[in-house]
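Step one of this worksheet: look at the structure below.
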Amino acid sequence: QLDAEAASHAQTAKSLQQARAELDAATQRAASDAEAHKAQVAALEERAKTAGAEAQQLAKELKAAQKAAEAAEQRASQAAKSAGAALQSQLDAEAASHAQTAKSLQQARAELDAATQRAASDAEAHKAQVAALEERAKTAGAEAQQLAKELKAAQKAAEAAEQRASQAAKSAGAALQSQLDAEAA
């Protein structure tokens, strides 16, 4: 009977040692998973911050480009009005002028047309710049939303891994305690 008891205790000790090794391995894996998820969450948070900052910068550039386009249009309109008024005044004053006056008026008209053309080109360029900035702002905003979703998913995965590790530790601990109680009895 003593030999049988000794053999039984040796087997029990071996089983408990094996259970302890399995519990340690499960705890180590759970800790590694939790660390990996934390690193992933940190990386996603950094990417989300970067995307948000870029979106804000693009919004500022877009606003500035819109103001520049409005200013260019106002300058073109003012130039056209001023040149038109000058031409009209000169036409009134020089109603009976000679060919030189006509040549000067023609030159002034050419300069006005060139100024109007340049103003229109500037306005078109500003519109194209505004459109490009709007597109970049949309892209940055979409990326920020996607990163927020990935961050949320990674956080949930980390929480689930921690819960699984805790449950595994509890189950293994309960099994060890039950076996120890049975051996003690």
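Glycine is no exception: its Cβ is also placed from the backbone N, Cα and C atoms.
Record features, source TrEMBL:
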type	residues	note
REGION	1-39	region 'Disordered'
COMPBIAS	9-18	compositional bias 'Polar residues'
REGION	67-185	region 'Disordered'
COMPBIAS	67-90	compositional bias 'Low complexity'
COMPBIAS	98-107	compositional bias 'Polar residues'
COMPBIAS	121-138	compositional bias 'Basic and acidic residues'
COMPBIAS	142-179	compositional bias 'Low complexity'
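Secondary structure of the region 'Disordered' (1-39) per DSSP (helix as H, G, I; strand as E, B; remaining residues coil): 38 helix, 0 strand, 1 coil.
Counted with DSSP, the region 'Disordered' (67-185) comes out as 113 helix, 0 strand, 6 coil.
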